[in-house]
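Chemist: Below: one structure in structure tokens.
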Amino acid sequence: MNPLLNWLHPPVFCLLVYGLWRLGDGKQRNLVFWASLVFKLCCGLLLGWLYQRHLHGGDTWEYHRQALPLVELAKTHPQQYLRFLFLNEVQGFSTSFAPYSNSFFFLKPLSLLYLLTGSSYWASGLYFSLFSFAGCWFLVRQVQKFYPAYGTAAVLAFLFFPSALFWTSGVFKDSILMGSLCFAVGFCLQLTYAHRLRESGKILAGLLPAVYLFWKIKFFLAAVLVVLLGTFLLVVWLRRRMRWLQSGWRQFLLWITLLGMGAAGATFAHPTFNLGFFARHVLWNYRNILAASDPSKPHLLFPDLEPAVPSLVQHAPEAVVQMLVRPFVWEGGPIFYRLAGLENLLILALLLLTVVHLLKTKKLPPLPSFLAVLLVFFVISAVLVTLPTPNLGSLHRYRAPLLPFFLMVVLAWGPIPGWFAWLQKRRG
């Protein structure tokens, strides 16, 4: 690769950071921006180092190995490389990833970044971390704009919660997942309050690519988000045009009706979304992952899980709770499990703090309907992620992009935003 690129990409990176920084305003936001950005970039570097030195490379270094031949293909046979990018054709190189898989798709942006950075794993990891951070920063800014009461909680949940940062950084698919998910939610939030057609068109220009990326990385979570927020936005659009739809209960009933129609339509539209097939696939994944898991390590058990939708619904509450609290810090296992257990203790402490605060104030804060839909997204996604994943190490990683949506509400309803406001007043 031309050594000139090794000197050209750092200014590109700095320009992207500068563009993000310009979105903020005020000293407080500048401090939050730089602190959270540095934290995020360091997490990406730390993740790569840990996998290289202590975890035998893992997925992240396997992506590195499989991207290197693509860089050579781009230099020697650019036409074949373009056919790989746009047609998923595998010619001139070999890969262990199936062409329809999200890992195969991930090689596309990774190889493009390798062309830019001179095949540098570490520099490319910084770009992925920056994309993930950009999505989180964008969403936080929208929450601060439209729901100021949830602004501080959004900052803490999306920009500073440890596992949510660590597992969505570096050369990982979840970096793209987190960035695209947050961009998609942020654009949908903008669309909720957009009134002009031209304004809506600009928002859609950003929303559609974000949804596409999210779909390519985790299509079943993207399908849930599209149905939930798509029907919500349709209700918002109808509410502005129909007087009889001003009642909150009528809007809720219409939304539930549209959800049912959307779910039914998806079931018949594609075999993957057939509920019976999906239930069987969940159980198949659960049994296979459980069989491959180390029995000496803590893991989840759902002995009564059956390949039927009623069984999934029955196990849903347990799945959500297990995702939030397991592993327990006293369960033992490798150091990683103990660290995950400590973070789960933190989550339990935050929940307890919020419950005590609500009992003390005897007042339930208002929950905007958009954020309520995001909570529904969190619950459904938590069930879909937890039931087929008895391995707690994998589950801790898979929950990382979802956790901030839950923590944002928990933190906002507790006393912590008030503490930060008090500190700001004292500092003047």
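Glycine is no exception: its Cβ is also placed from the backbone N, Cα and C atoms.
No curator has checked TrEMBL annotations; they are predicted automatically.
Sharing the feature lines straight out of TrEMBL:
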TRANSMEM  6-24  transmembrane segment
TRANSMEM  31-51  transmembrane segment
TRANSMEM  121-140  transmembrane segment
TRANSMEM  147-169  transmembrane segment
TRANSMEM  221-240  transmembrane segment
TRANSMEM  252-273  transmembrane segment
TRANSMEM  335-359  transmembrane segment
TRANSMEM  371-390  transmembrane segment
TRANSMEM  402-423  transmembrane segment
Chemist: Answer yes if the transmembrane segment (402-423) and the transmembrane segment (335-359) have at least three CB pairs under 8 Å among residue pairs 6 or more apart in sequence, and no otherwise.
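Modeler: Between the transmembrane segment (335-359) and the transmembrane segment (402-423), which are separate recorded stretches, there is contact, as judged by 3 or more close Cβ pairs.
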Chemist: Under 8 angstroms for C-beta pairs, at least 3 of them, ignoring pairs fewer than 6 apart in sequence. Is the transmembrane segment (221-240) in contact with the transmembrane segment (371-390) by that rule?
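Modeler: Yes, these stretches are in contact.
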Chemist: Considering only the recorded stretches 31-51, 335-359, 371-390, state which has the highest number of Cβ pairs under 8 Å to the transmembrane segment (147-169).
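Modeler: Result: 31-51.
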